[in-house]
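Novice: The structure follows.
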Amino acid sequence: MKGEEDGFGFADRSGGEKVEQLVQIKALFFARARDLTGINDVLLEVPSGSTTKDCLDKIVANFPRLEEILGCVVLALNEDYTTESTIVKDKDELAIIPPISGG
Amino acid sequence: MASSTTESSRILHEIETLKSAKSDLERRISALESQLHGLNHPHNNGVCIASSTSPSAFPHGLSPDMIYRYSRHLLLPSFGVQGQLRLSKSSILVVGAGGLGSPALLYLAASGVGRLGIVDHDVVELNNMHRQIIHTEAYIGRSKVESAAATCRLINSTVEIVEHKEALRTSNALEIFSKYDIIVDATDNAPSRYMISDCCVVLGKPLVSGAALGLEGQLTVYNYNGGPCYRCLFPTPPPTTACQRCADSGVLGVVPGIIGCLQALEAIKVSSAVGEPLSGRMLLFDALAARIRIVKIRGRSLQCEVCGENSKFKAAQFQEFDYEKFTQSPLSTSPLRLKLLEPNSRISTKEYGDRLRNGESHVLVDVRPEHHFKIVALPNSLNIPLASLDGRLEEVVSALKEEEHKQSSESSGADVQLYVVCRRGNDSQRAVKYLQEKGFPSAKDIIGGLEGWAHEVDPTFPSY
Ligand SMILES: [Zn+2]
């Protein structure tokens, strides 16, 4: 049974006995973050209980060029204010918003 | 029978046509009467109306002309006479008469703000026209403030327009800002944004801040009703590499237009005390996806250097603060001029022009992005964008070899030269530095790039 589940390549979220549950979040990139990653959004899986900071670390690991702007961004989780210690849930959307200066 | 039916329907139709013409005439007559009234009673501000209607009939203080001009505002139950009156008594300063400032000023003038100030030190240029819609071609080469003020006056002669034809600095910002109730940030660079926000905190003024670049826009109201300031959100300035300007990255004209309109809207809401201003929230506009998101942002930070609990940032500190140093970028819009190379690693555009005419054997590498290269390029140049240079050195090698081959058949002797060009002469220096490290010691950049070429050698070469 277990092997069959693994064969499908995803964890059974309803079966509570899994060793490590994963949650899937969507990172949204804006402005300079779009230029640096070349994309508007990305799906990523993190262990259940991960924080916003953990997600950011994982995102930067995938897109190292984002490092340069992380000191100056607004973060929003599901369009709401968030801090780095907020625990993310499945299907959450984490927006990375650097300021635009142009006009 | 049939013919009489046709006849009556013809008559009915004619009656309808005449009625419609009559109502058109009546509308025109009443418009002309009101215009004539305005000419006979200029700037009466509703105080003295020479007619059967006594001034006491308008206790709110809106003149008949104002009632007619702003009637659609007055008809709004949530705005009404009180909203219009507050607006007509308020003063709003728009910093920047560019892509954001243009629509913001047009709407603020049209809507009947009491006093409208405009700060800018730039002149109108042809490459502004696609987005800075307050300016007309006749004003190219003239002050943006003069141009914007003239348009505002044409739209609404009853608004007091104040022209501040100067660059905003820490030395004049406090004095200028103190004359207005609300500040609208319609500037285009990071140091100005910090300076304007700090000045608003020092003076306790609400700030309607908009920004646009490429196909995205942002909008927030700062320092309003205990809400955060710009520094609460961005205590550390962005790295200079992230400070992009429309002149470098491009912008679709209507994008700042939309954000500028929203800035006018927020300024009107704040000044008339109507609705819920966009404080503690940020609006993100994505033109390509046709999506507007509004995200909640942090509240005022107690640790904020400027608006926080124990902040010692007052007028004196503001005047001393070096915003260019803080953000590592210039307040003026003049582009960066790097000097990374020794003089013997560079040649002037004139010198390159001479060598080109003399048929000197060389390879010219253009390191601009591909979409720039498509706009315009020098003949026989090889486009290798700076970002991909490290992976494409082979192409430089083979271009040099090919040139050498051509030369040996002509047997003239000298080495094949390697020149690098870009838009303004900054990236070309970075590229030359890199090429010199990678085994092309004689690589040289063309000083001032294609802009310099157009300026000093070929005036018919297009600028962008
Ligand atoms: Zn603050």
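From the backbone N, Cα and C atoms, a Cβ is placed for every residue, glycine too.
Please treat TrEMBL annotations as automatic predictions, because they have not gone through curation.
Computed from a predicted structure; not experimentally measured.
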Novice: Since TrEMBL lists B:D120, B:N127, B:N128, B:M129, B:H130, B:R131, B:K144, B:D188, B:N189 for ATP, which candidate among B:G99, B:G101, B:G210, B:G214 does it give for that site as well?
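Specialist: Record source TrEMBL; matching candidate: B:G99.
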Novice: How many neighbouring Cβ atoms, not counting its own, are there within 10 Å of the Cβ of B:C232 (Zn(2+) binding site)?
Specialist: 24
Novice: So what pLDDT does the domain 'Rhodanese' (B:358-462) average out to?
Specialist: 93
Novice: Just to be sure I understand the contacts, which recorded positions have a Cβ under 6 angstroms from any atom of ligand 1? Candidates are B:G99, B:N127, B:M129, B:R131, B:D188, B:C422.
Specialist: none
Novice: If you run through the domain 'Rhodanese' (B:358-462) with DSSP, how many residues end up as helix, strand and coil?
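Specialist: Final tally across the stretch: 47 helix, 16 strand, 42 coil.
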Novice: Nearest of the recorded positions to B:G99 (ATP binding site) by CA-CA distance, picking from B:C229, B:C246, B:C304, B:C307, B:C422?
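Specialist: Ranked by Cα distance from B:G99 (ATP binding site), first place goes to B:C246.
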Novice: DSSP three-state call for B:C246 (active site, glycyl thioester intermediate): helix, strand or coil?
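Specialist: SS state of B:C246 (active site, glycyl thioester intermediate) = helix.
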Novice: Find the shortest Cα-Cα separation between B:C304 (Zn(2+) binding site) and the recorded positions B:N127, B:R131, B:D188, B:C246, and name the residue that gives it.
Specialist: B:D188
Novice: Under 8 Å Cβ-Cβ from B:N127 (ATP binding site), six or more apart in the same chain: what's there?
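Specialist: Sequence-distant Cβ neighbours: B:S463, B:Y464.
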